[in-house]
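Below is one structure, written out as structure tokens; comments come after it.
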């Protein structure tokens, strides 16, 4: 059955397609954690944040890339602790609104396997002036990576690697000075090599 | 006849729809100044920058908003000195590539009337890591506003206002300290009130 399934930040986390996503009356946020097999429809989220009173829309897409440290990646797989992820995303949106003048925010994260070239996370922010939207978009993706309980597994041609996001670890453990160079790519925490891999 | 017309930064500035846009062999840039009546197809530009080797896509859309200083805006109208605009945009892309590790860049600007809610300018940048794409996207829109010879007229219910971008004036005149607060909205330079306006 073809239907869009998502979890939102509302008290009832599972919504059927005909239900409108819940949002606070003051905060026009659309937060969706998409179940396995459901692609991120970026046009939907851009349309959601579009408004006559907004002069700017900033977006960010995180996509699966084909190589990591010289190894061919087949796909990424995402798992989340959904109730906490949606609550944390709602808090991040509130924090963004306290810092910048924002009209609407859309945040979507796909779970399950995400093939090379496809979007795993998408953020769209509309604002009257461009500085607010651009700043808030960057803040939202940085905070999402640092605080939202979503984990990824990189699936290579010869094995799989669970990766915890290095920024998440830094934030959780309060580790300011880590020995490795900070990047957006996370750090390996567990390796499962295939039996037949070299 | 429905066709997409655009000017590019190639030596032949006018291209018919069946021709591929020109670009440098090293720099994967798509720069289009769209003729009057042609909407900005943002999905086309996002698809252009998408690639298996890119893990991030940052975009910015500038859209016509319905109000400016309490006055109802009907539409914006853009004019450009096209050969210089395309050359300047190409230079900005080169500058971005010298500062950040970027895969592909798309920049589009629509000319003529742009109704409320529609996109006048769109930028998309793909990169391996998100920091590069986000930084470059912001740089590109800031530099476009500051250096590219494109002017806009705000059409209100009771008149029209040509606006030169304040950032453009600052850059051109080398004025670092201006008395007015800098914003993304430009400053009025000429007013044509309708005969029947109050």
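In case you wondered, yes, glycine gets a Cβ from its N, Cα and C as well.
Because TrEMBL annotations are produced automatically, they should be read as predictions rather than curated entries.
Small disclaimer: the values here were computed from a predicted structure and weren't measured.
Feature annotations, reproduced from TrEMBL:
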BINDING   A:129, A:130, A:145, A:152, A:153, A:154  substrate binding site
COMPBIAS  A:1-14  compositional bias 'Polar residues'
REGION    A:1-23  region 'Disordered'
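DSSP assigns residue A:130 (substrate binding site) to a helical segment in the three-state reduction. Largest CA to CA distance in the substrate binding set (A:129, A:130, A:145, A:152, A:153, A:154): 38 Å, whole number. Around residue A:129 (substrate binding site), the same-chain residues at least 6 positions away in sequence with a Cβ under 8 Å from its Cβ are A:55, A:56, A:101. The Cβ neighbour count for residue A:130 (substrate binding site), using a 10 Å radius over every protein chain in view, is 23.
Contacting chain B by the Cβ rule (under 8 Å between Cβ atoms), the binding-site residues A:130, A:152, A:153, A:154 reduce to A:130. Cβ packing within 10 Å was compared across the binding-site residues A:145, A:152, A:153, and the lowest neighbour count falls to A:153. Taking Cβ-Cβ distances under 8 Å and a sequence gap of 6 or more within the same chain, the neighbours of residue A:154 (substrate binding site) are A:68, A:73, A:76, A:160, A:161, A:163. Under the DSSP three-state reduction, residue A:145 (substrate binding site) is assigned to helix.
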